[in-house]
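Visitor: Structure incoming, see below.
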Amino acid sequence: MTQYIFAKRGYNGLTRVDMEDYFDDVELESLYQWIDRVPLSRPKKNIGKDFSDGVLVGEIIKHYFPRLVDLHNYTPAAATKQKMENWFLLNRRVLRRLELDLSDDVIRALSNCKQRVVEKVLMMLRVQIDKFIERSNRLRLKTMQLHSALGLKPDMTEPDGDLISASPKPTTVTGTEIVPYHQGKAGMKSPRASSIIGGVPHGHPLRTSYAARPAVLTVAPISDNVSKAMLEEKELECMAKDETIQILNAKLKRMEQLLHLKDIRIEDLESRMNHIQALKLAHFTDSHKYSDHHKLN
């Protein structure tokens, strides 16, 4: 059985990406449309091989967050060892800042072009990118509102931070928008290509599409880019938490019952102790009277 990946948010705030038996072709269609909106430095032939060294993933992130990625740190590679080094570096320096963390198994599978793994990684990356863009937009709106309330001139510059993109924000795809499959933006330059003198590495053209797939019109699904695996995981977490709450409530009721029994037991012991003390006092009084009587005689 082929293993794929899932994301799980850990206690450190990172979304942990591990292996799982799951994949959804509907999400795949939406993912390819999203990739085609980003200019890349290589022709797209086989997505598993194209993204296996991590370079194109770096280009996608740099498209949205230009200051977050230094593309010269990631060398196009064919050897598995160099591919894994690229992924480990990208994971440590970039993906974790996007609250995404790839496990060693996933990195190894990516470097070995394991089928369907890179698609799921890109889906998780897309979720994180959308989340950080939305967060930056909220921060920008709050800043403008604060400036307006203080009577200051609005600052149209981006807030400081490496996760804020200086490039135009991507268009949000709604459920009623019809977009051509694999439609890209013609004429856009790749962030990697623009930093290389003499053109693109290996002489690759700037733009191609995955030619094996026919051009069709699809209606982008209404989705927040949350995969079914993540949804099912959250539902299982909710069920587990509900069960834990029920168990804790039952334990609480049991503890309340035991506490009530303890109170009854304490009251009973106090009553016995008072009775015994009264008997001792009465016995001591009688003994004292008897002794006084003998002394008088």
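Counting starts with 1 at the first residue shown.
Glycine is no exception: its Cβ is also placed from the backbone N, Cα and C atoms.
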Visitor: Under TrEMBL, which of the candidate ranges 189-230, 231-272 is annotated coiled coil?
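Guide: In TrEMBL, residues 231-272 carry the label coiled coil.
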Visitor: Sort the residues of the domain 'Calponin-homology (CH)' (25-134) into helix, strand and coil with DSSP and give the three counts.
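Guide: Residue counts in helix, strand and coil order: 73 helix, 3 strand, 34 coil.
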Visitor: Along the domain 'Calponin-homology (CH)' (25-134), what average pLDDT does this model show?
Guide: 90
